[in-house]
Amino acid sequence: MWKERWFLSTNAKDIGTLYLMFRYFSGLVGTAFSVLIRLELSAPGVQYIADNQLYNSIITAHAILMIFFMVMPALIGGFGNFLLPLLVGGPDMAFPRLNNISFWLLIPSLLLFVFASIIENGAGTGWTLYPPLASIQSHSGPSVDLAIFGLHLSGISSLLGAMNFITTIINMRSPGIRLHKLALFGWAVLITAVLLLLSLPVLAGAITMLLTDRNFNTSFFELAGGGDPIFIQHLFWFFGHPEVYILIVPGFGIISTVISANSSKNVFGYLGMVYAMMSIGILGFVFWSHHMYTVGLDVDTRAYFIAATLIIAVPTGIKIFSWLATCYGGSLNLTPAMLFALGFVVMFTIGGLSGVVLANASLDIAFHDTYYVVAHFHYVLSMGAVFALFSGWYFWIPKLLGLSYDLFAGKVHFWILFVGVNLTLFPQHFLGLQGMPRRIGDYPDAFAGWNLISSFGSIVSVVATWYFLNILYLQLTQGSPVSRYPWLTPQYFSDLFQHLFTRNNSSLEWCLNSPPKPHAFDCLPVQS
């Protein structure tokens, strides 16, 4: 029965598919909110949204939907669940029923957040939930409380999933798949799960204290009662900075796999890649205050956080140059997945360079809360995490569905989206340099030109999204069955197994049927 299969599923592949379906819905709603923002900012003065509180609620909804309900369920929940048991050669996840509740907690979480946005004036706090804006004086209705409960449920879901992934990778590997032979995507999921496990409880503590400040008369962040509103910024960013690596590290694993497969050679410097991801995970916890240069940290503290922040460029640079070295001398196969992977490398590098600018406290005093910051984190998220997501989608979707798609259409989708997001976000660097502040629904006439270009770019991105849904529809209705490994480079490899032998063991999933059977392995594989 389909009800038992989809509502009571304990199969990692089905749960991964549910995660991917869920992220489609959230991603489309989040994209709609972003287009509303850009339409409002397309010209000076009031365009559509006369109420600034409503504008701020839309910004908050866009951020939380995209982070907690689009990127995380797709990269970690979707691809992680579907592929991880296949990559480690295990029968399923370690705790299948825990896996099920990890997904189903996201539905009430999303509903709570939707209610938070539509009850009374909505939660117009930004995703950072800073008091006093998030406190009872400024948001007197239940909206922020509902948003906090929604974040709690989402956090519990992610924590349960993280425990499951860690246990699966440590305990469920087939004979011979040592950790040093684990596929890079497996490593990425492991490091992401550890980051989730360490950072989410801090967020839970922070928003619980905010909840009691709002409703039970405590004064954790209330200056009049002896609290400190800066305290929640430290707590939030101690979670928030690892969170941005939680969003991007699974993308690193996907990009490594895709570039390796489409260059017909092993990843350059496998161990270096693994230790670079580990370093990024560890370093993510030691420079959270670079988000807080403007709150009055003393000069020694700022000097430390500048130095710590700039060190992250080393492991990130190792990864970028290893990807380039993987391409160099390979037989490049420019599939849609490879185009998105190369787009990721270029855009992520640009985002990293603007990050180097923002890491300097003296410069960040000027750039803090301007569109320069918006451009920076959208280059690493909107073109980093999302391009990685599309890259993984185009690479593995023949495996997930067992159906082929139109490669030319996939390439067209890449170019439309690439032009759209660059038109949207590159001008925002200039707006930030000119001093245009974030989270404000109006602006002086001087900023009109770049804003119009940016808003036009967002429409192009929507066209790309529509085109992608069209590709998916045609794949589901007219796609031909996939029988063999679809990404062979014909002039070099005629045989799948020859190809597998050349590429270590990061392709265990391609040894199976497409789509894999519910019980993928009849007997456990053994890695020699």
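Glycine residues also receive a Cβ, built from the backbone N, Cα and C atoms like all the rest.
Residues annotated as Fe(II)-heme a binding site in Swiss-Prot, with similarity to another entry given as evidence: H62, H378. Cβ contacts within 10 Å of H62 (Fe(II)-heme a binding site), excluding its own Cβ and spanning all protein chains shown: 20.
According to Swiss-Prot, the feature Cu cation binding site maps to H241, H290, H291. Around the Cβ of H290 (Cu cation binding site), the same chain contributes H241, F305, I306, A308, T309, L358, A359, A361, D364, each under 8 angstroms and 6 or more positions distant in sequence.
Positions annotated as Mg(2+) binding site by Swiss-Prot, on the basis of similarity to another entry: H368, D369. Cβ contacts within 10 Å of H368 (Mg(2+) binding site), excluding its own Cβ and spanning all protein chains shown: 19.
If you look up Swiss-Prot, you'll see H376 marked as heme a3 binding site, on the strength of similarity to another entry. Annotation note: H376 (heme a3 binding site) sits in a helical segment as assigned by DSSP. Listed in sequence order, G351, S354, G355, V357, L358 are the same-chain residues six or more apart from H376 (heme a3 binding site) with CB atoms under 8 A from its CB.
Annotation source Swiss-Prot lists transmembrane segment at 17-37 (among others), citing sequence analysis. For the transmembrane segment (17-37), same-chain residues at least 6 beyond its ends with a Cβ under 8 Å from one of its own Cβ atoms are 6, 9, 48-49, 55, 58-59, 61-62, 65-66, 69-71, 73-74, 77-78, 81-82, 103, 106-107, 110, 400, 458-459, 461-462, 465.
According to Swiss-Prot, the transmembrane segment annotation covers 64-84 (among others), on the basis of sequence analysis.
Here Swiss-Prot flags 100-120 (among others) as transmembrane segment. Using a Cβ-Cβ cut-off under 8 Å and counting only residues 6 or more beyond its ends in the same chain, the transmembrane segment (100-120) has close neighbours at 8-10, 15, 18-19, 22, 26, 57, 60-61, 64-65, 68-69, 73, 77, 141-147, 149-151, 153-154, 156-158, 160-161, 164.
Annotation source Swiss-Prot lists transmembrane segment at 146-166 (among others), citing sequence analysis.
Residues annotated as transmembrane segment in Swiss-Prot, with sequence analysis given as evidence: 182-202 (among others). Outside the transmembrane segment (182-202) by six or more residues, the chain places 76, 79-80, 83-84, 87-88, 155, 158-159, 161-163, 165-166, 169, 173, 235, 238-239, 242-243, 245-246, 249-254, 256-257, 267, 270, 273-274, 277-278, 280-281, 284-285, 505-508 with a CB less than 8 A from a CB of the stretch.
Sequence annotations record features per position, and here Swiss-Prot assigns transmembrane segment to 235-255 (among others). Away from its own ends, the transmembrane segment (235-255) comes close to residues 67, 71-72, 75-76, 79-80, 128-130, 183-189, 191-192, 195-196, 198-200, 202-203, 205-206, 209, 273, 277, 280-281, 284-285, 287-292, 319, 323, 341, 344-345, 348, 377, 380-381, 384-385, 387-389, 391-392, 395 of its chain (Cβ-Cβ under 8 Å, at least six residues beyond either end).
The transmembrane segment feature in Swiss-Prot is assigned to 267-287 (among others). Among residues of the same chain six or more beyond the transmembrane segment (267-287), those with a C-beta under 8 A of the stretch's C-beta atoms are 180, 184, 187-188, 191-192, 194-195, 198-199, 238, 241-242, 244-245, 249, 252-253, 256, 259-260, 305, 308-309, 311-312, 314-316, 318-319, 322-323, 325-326, 504, 506.
The annotation transmembrane segment is assigned in Swiss-Prot to 305-325 (among others) on the grounds of sequence analysis.
Annotation source Swiss-Prot lists transmembrane segment at 338-358 (among others). Counting same-chain residues at least six beyond the ends of the transmembrane segment (338-358), those with a Cβ under 8 angstroms from any Cβ of the stretch are 248, 251, 254-255, 258-259, 262, 290, 310, 313, 316, 320, 323-324, 327, 332, 364, 367, 372-373, 375-380, 383-384, 387-388, 390-391, 394, 410-411, 414, 418, 421-422, 429.
Here Swiss-Prot flags 377-397 (among others) as transmembrane segment, drawing on sequence analysis. Cβ atoms under 8 Å from those of the transmembrane segment (377-397) belong to residues 66, 71, 74-75, 79, 82-83, 244, 247-248, 250-252, 254-255, 257-258, 261, 335-338, 340-341, 343-344, 347-348, 350-352, 354-355, 405, 410, 413-414, 417, 421-422, 424-425, 428, 468, 475, 487, 509 of the same chain, restricted to positions at least 6 beyond its ends.
What Swiss-Prot lists as transmembrane segment is 407-427 (among others), and the listing cites sequence analysis.
Under the heading transmembrane segment, Swiss-Prot lists 452-472 (among others), citing sequence analysis as support.
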Most Cβ neighbours inside 10 Å, all chains, among the binding-site residues H241, H291, H378:
H241
Listed binding-site residues H62, H368, H378, filtered to Cα within 10 Å of H291 (Cu cation binding site):
H368
Quick one: which residues besides H241, H290, H291 have a Cβ within 8 Å of the Cu cation site's Cβ centroid, in sequence order?
W237, G240, F287, W288, S289, M292, F305, T309
Under 8 Å for C-beta pairs, could you tell me which stretch among 64-84, 146-166, 305-325, 407-427 has the largest tally with the transmembrane segment (452-472)?
407-427
Cα separation, H368 (Mg(2+) binding site) to H62 (Fe(II)-heme a binding site) (Å, whole number):
20
